[in-house]
Amino acid sequence: MSKKDLGLLILILVVGAVVAIINPRFLLPINLANTSNLIGLFGILAIGQAFVIITGGIELSVGSVVALLGVLFVDFIATRGMAWPVALPLILVLGGIIGLAHGWLITRLKLQPFVVTLCGLLIYRGVARFYTADGTAGFAFGQNFPELEFLTAGRSYGVPNSFIALIVIAIVMWVVLHRSVFGRYLYAIGKNEEAAKYSGIRTGRVVMAAYVICGVLTALSAIYFAMYTRSISPASHGQFYELYAIAAAVLGGFSLRGGEGSLIGVILGTVLLQELQNLVNLLGIPSSLNFAVMGGVILIGVLVDQQWGVYRERRLMLEATRKGAAGAAAE
Amino acid sequence: MNYSDASIGASTIAPFLSLEGVRKTYPGVVALDGFSLEVRPGEVIGLVGENGAGKSTLMKILGGVTTPDTGTITVDGVAHDGLTVEASIGSGIAFVHQELNLFENLDVAANIFFGREPLRAGPLRLVDRTRLRTLAAPLLKRVGANFSANTPVSALSLAQQQMVEIAKALSIEARLVILDEPTSSLPLAETDKLLDVIKALKAGGISVIFISHRLHEVERVADRVVVLRDGMLAGTLPKNAINHDQMVKLMIGRMLKEREKAAESGRPPGAVALSAKAVRTSAYPDRPVDLGVRRGEILGLAGLVGSGRTELARVLFGIEKSLGGSLQLDGKDLVLGSAADAVANGIFLVPEDRKLTGILLDLSIAQNISLPNLPAHARRSLVSARAEAVTAEKQKRNLGIKAPSVATRTGTLSGGNQQKVVLAKWLAMSPKVMILDEPTRGIDIGAKAEIYGLMRALADAGVAVLMISSDMEEVIGVSDRIAVMHEGQISGILDKEQFSQENVLLLAVGKQPK
């Protein structure tokens with residue numbers, strides 16, 4: 001765990017302690033379970049986003065994808081009678097295809113990630129609304145999928161299974177990002193794509209793979225969100241979720257220029273964001289201020305981080321000067 | 001300490017600039033140690049020294065970016081303890097840097113007067129474009145420019161852009177122009193133009209400090225050569241004593257036989273390893289190129305900048321798609337879809353722009369070296385830091401990379417050591433064909449010699465080495481054969497006995513050698 005991650009963890013604990021002191025309900029098992037469920041859902045989304053951001057890209061369409069794939073999933077299993085073990089992988093594949101399409105447009109046709117995914121944001125939202133004729137997709141009364149519901153919305157030993165899923169995914173993705181050949185390529189491309197290319201890395205394929213990973217993880221979280229809300233109105237479902245994911249990555253130390261950030265960071269970023277949401281609810285802050293609180297905290301976080309970097313550099317310089325002076329005196 | 005007489009051949013004219021006992025220390029380093037220098041009006045001083053000898057510190061002091069710890073700087077009769085940026089500009093000191101500071105999207109006149117544009121009357125403060133051009137024209141004439149004031153900078157060659165920089169210096173009525181490595185990226189013929197500009201400045205009574213690693217150019221223009229070594233004045237050479245060997249001796253404190261060593265070819269070259277047949281590149285899409293590089297030889301590729309050499313190298317390395325023709329490796333047809341294909345076939349490129357394309361400055365030495373061959377440093381696709389360190393340690397030892405450890409960030413290394421890291425990542429694999437594009441640009445003389453030695457060792461081991469270089473001494477000193485490019489085509493190939501600066505130049509401009 002880097003110093004940056006440790007700082008974030010301490011911030012999370014301090015904020016948690018303060019909230020718990022003001023409102024002890026923060027520590028109630030039901031509140032913790034709810035919050036960790038949300039951390040699970042948004043965390044999966046944020047990990048996908050992180051893989052794209054590390055390459056210096058951005059994926060703005062995830063909120064709309066959550067809506068579109070959520071609508072499709074519910075429609076497949078609730079109205080079309082598809083078995084969920086068939087529908088689930090199908091949705092994941094669809095998410096992968098969306099990611100592949102984005103990656104292809106970005107790497108082969110050299111379009112800017114912001115533009116491609118902004119168009120995606122608009123297109124998928126429109127398609128989702130058209131698909132249900134702007135109606136709500138949901139389950140009929142009494143319709144049950146016990147195993148699926150257990151896996152997505154259920155709990156084991158009081159811990160939401162969505163949170164457990166996040167932990168499992170996080171561990172796997174940590175290995176991929178920080179230990180694998182592919183992960184090294186991602187960092188290299190994020191730092192300097194040209195130099196990576198000149199080192200014989202097939203940068204196009206690697207970047208495309210990052211978008212596919214993002215697409216699949218987004219699809220997975222779309223299923224979780226669908227099973228969590230159980231009814232989806234495609235006009236608003238998943239709105240701004242891309243921004244939650246990006247915010248979590250930025251809080252977690254990712255640079256939008258690429259090449260920087262850790263998996264632990266993005267998870268901690270998600271945790272902090274959800275903690276803030278919870279704080280707004282528990283401290284009786286008007287929920288209309290929700291976004292303002294989040295924006296404010298992110299801004300302060302990024303500022304402190306940057307100023308800390310400046311301070312550390314200055315201290316290093318001073319230390320070197322002192323050493324130099326001592327060395328000169330010794331001569 | 002050797003304060004050798006700076007006033008050799010001096011006239012009675014007062015110096016424009018004089019430095020007395022200037023000392024500057026940085027944490028742990030003495031960058032300049034009691035340095036003294038006098039520059040007279042109309043005098044061209046050649047300033048040479050290895051990287052880290054203190055040249056940049058001296059420039060920073062003269063530019064007012066930093067102040068010396070002790071010593072005095074006298075400019076035009078006024079003594080200062082240290083200059084500020086404003087004082088430096090105000091007293092007529094102008095810089096032309098190695099990296100040009102021009103706005104490519106603006107035209108020449110706009111660049112010359114940037115921030116000081118003549119304005120039209122009226123509250124809108126519109127730029128007076130007509131006056132801008134009429135003001136720029138005489139300046140361009142003084143530097144011998146053959147382009148007009150409204151040419152966009154993006155359409156100019158590097159040497160022409162440097163002329164714009166010098167015109168800019170003239171526009172602020174500079175009395176001392178400091179040229180920092182102005183020719184390091186210039187090809188042969190363009191360099192001549194720049195040296196002519198220096199002579200024109202001199203004739204106009206303007207002093208010049210010419211900093212260069214290319215000693216034969218210093219030889220040609222300097223009235224006096226000042227050699228820096230380890231922050232001290234290693235010596236000055238008056239006009240009649242300026243020669244290559246003397247400068248090198250003062251720079252490194254010993255004689256160096258670097259080129260002779262590199263030139264000793266071990267054995268006769270073998271069969272053609274990599275050849276291009278009627279390949280067409282983006283530089284000259286209608287001109288087919290034929291070139292073959294043999295195993296065991298160093299083939300020098302000379303020519304003017306823009307003659308299509310870099311584009312050819314990019315095609316041979318698979319970065320750029322060939323617009324036609326074919327490539328053969330060991331006699332078999334080769335199709336390169338990407339640099340990854342070239343690497344898989346043992347064709348490696350040390351690119352021209354080290355910091356942009358050669359290495360990743362943020363990665364460590366070990367990570368840079370393992371990058372092209374990462375799967376070999378991994379078990380079940382998980383990278384083994386130990387395997388990386390083992391490879392890197394070996395290369396660090398073999399190439400003499402100077403760094404605290406292989407975990408050091410490459411961004412903190414000197415240019416020469418960075419270039420060694422680029423070489424190391426390829427040497428750690430087994431090269432068949434090694435293409436080096438300007439491999440010693442901006443590298444000090446000691447590291448240069450080592451890189452020449454490495455290239456020769458590669459050739460002796462049977463690797464086909466293709467070296468692109470704009471440095472005439474280097475091309476002639478290092479190559480076994482020289483191919484010269486002119487406007488997208490090979491205008492001729494010289495064998496060892498035909499080597500001469502004149503022949504290379506003639507071919508470079510499309511004429512027949514003698």
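A Cβ is built for glycine as well, from the same backbone N, Cα and C atoms used for every other residue.
Listed in TrEMBL:
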- A:36-53: transmembrane segment (TRANSMEM)
- A:60-78: transmembrane segment (TRANSMEM)
- A:84-106: transmembrane segment (TRANSMEM)
- A:113-131: transmembrane segment (TRANSMEM)
- A:157-177: transmembrane segment (TRANSMEM)
- A:206-227: transmembrane segment (TRANSMEM)
- A:291-311: transmembrane segment (TRANSMEM)
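Across the candidate stretches A:36-53, A:113-131, A:157-177, A:206-227, A:291-311, the maximum count of CB pairs under 8 A to the transmembrane segment (A:60-78) is reached by A:113-131. Counting only same-chain residues 6+ beyond the ends of the transmembrane segment (A:157-177), those with a CB under 8 A from a CB of the stretch are 29, 33, 36-37, 39-41, 43-44, 47, 50-51, 54, 150-151, 183, 186, 217, 220, 224, 228, 262-264, 267. With a threshold of 8 Å between CB atoms, the same-chain residues lying at least 6 positions outside the transmembrane segment (A:291-311) that come near it are 4, 7-8, 11, 247, 250-251, 253, 272-273, 276-277, 279-280, 285. Of the candidate ranges A:36-53, A:84-106, A:113-131, A:84-106 has the most C-beta pairs within less than 8 angstroms of the transmembrane segment (A:206-227). The list of residues near the transmembrane segment (A:36-53) in space but at least 6 beyond its ends in sequence, with Cβ under 8 angstroms from a Cβ of it, reads 59, 62, 66, 113, 153, 159-160, 162-166, 169-170, 173, 177, 186, 210-211, 213-218, 220-221, 224-225, 228, 241-242, 244-246, 248-249, 252, 254, 256, 258, 261, 263, 266-267, 269-271, 273-274, 277.
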